[in-house]
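Chemist: As listed in TrEMBL for this protein:
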- 141-164: transmembrane segment (TRANSMEM)
- 196-218: transmembrane segment (TRANSMEM)
- 238-264: transmembrane segment (TRANSMEM)
Amino acid sequence: MKSIKTHFGVIFSLVALLFSVQFGIFMSNLTKSYERSIQNEYNIVLVSKTPLSLQDAQKAVPKISSLSEISTAGITERLKGKISQNAFAELSKNLPKFYSVKLESFPDAAQLAKIEQDLKSIGSLTRVEIFKKTHDEIFKILLLIKSLVYGFAFLIVLLGVMLIHRQMRIWVYEHKERIEIMELFGASFLIKSGKLYRMAIIDSFIATLIVTCFYIALPSWEMFSTTLKGIGDLRTAIVLPYDALILLGVALALSIIAVSFVMLQIGNKRA
C-alpha cells in the first residue's frame, strides 16, 4: 500500500504537468487551425484601372498566394435596362477591375500596414481595401487566446515541477536506509540511485499513457467537440503518436533530472 501511495504521488504530479503541456500543444494547434480558417476567409480587395496579374501583385507583395478577379456582371446587368446602349458600352469600357487577394499567412497589424503600402505602390491601383478594423479585432482575439493558453500552461508546469521535486525528496527519505548502507560499501552514484531512476521511468510511462488516452478520447465527447467545432479542426489539434512521444520525453527528462538533483543535494549535505 505504501509503495502504491509513493508511486501515486509522482504519477499525479506528472499527469498534472503533462496535461498542461499537452493542453498547450493542443490549444496551439487549434489556434493555428483557426488562424488558417480565418486566413482563407480574409481577403484584400483591389481596384485597378487596368488588368492585374498575380505575378505583378507578387512583385510588390511576395506573401500573396492568390489573386482572382471579382465579376462585375451583376452590377452591369442591373444597369443595362436603365441607361442607353451607348452609355452602357462606355460604362463597361471604363469600369475598373476588381480583385480579391489572399495571403500565405494571417498578418499582424504591422505586416498588414506594410502590405497595404506595398500594394499602393502598384501604379494601376486606385484603391486598396484591407478591412483593417475587422482584421485588428480578429488578431486581438488570437493574441488573447494564445496568451491565456501559454500563461495557464506555464503555471501548471511550474506547479508540476514543484510537486515532482517534493515527491522525489519523499522517495529519497523512504529509501534513506538502503542508500546509507550502499554508501558504507562505497557504491557509485548510479547504483545508489538506480531504484529511484527505475521508479521514475515506470511512472513516466504510466503518466504519459493516462494523458494520451485522455486526449485520444477528448474529440469523441460531444459537448467538447461541439463547443470547439467553430474554432478549428480537432483532428489536426491532436497529433498522435507525435504528441505522445513529446509527453514521454518531457516526463522522462523531468523525472530523471529531479532524481539526480535531489540525490546530489543530499550528497552535498553529507559531504
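Each residue, glycine too, has its Cβ placed from N, Cα and C.
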Chemist: For the transmembrane segment (238-264), give me same-chain residues lying six or more residues beyond its boundaries with a C-beta closer than 8 angstroms to one of its C-beta atoms, as numbers and ranges.
Modeler: 10, 14, 17-18, 21-22, 25-26, 29, 160-161, 164-165, 168-169, 171-172, 189, 192-193, 196-197, 200-201, 203-205, 207-208, 211-212, 215-216, 218-219
Chemist: Looking only at residues six or more beyond either end of the transmembrane segment (141-164), which have a C-beta under 8 A from one in the stretch?
Modeler: 9-10, 12-14, 16-21, 23-24, 27-28, 31, 34-35, 106, 254-255, 258
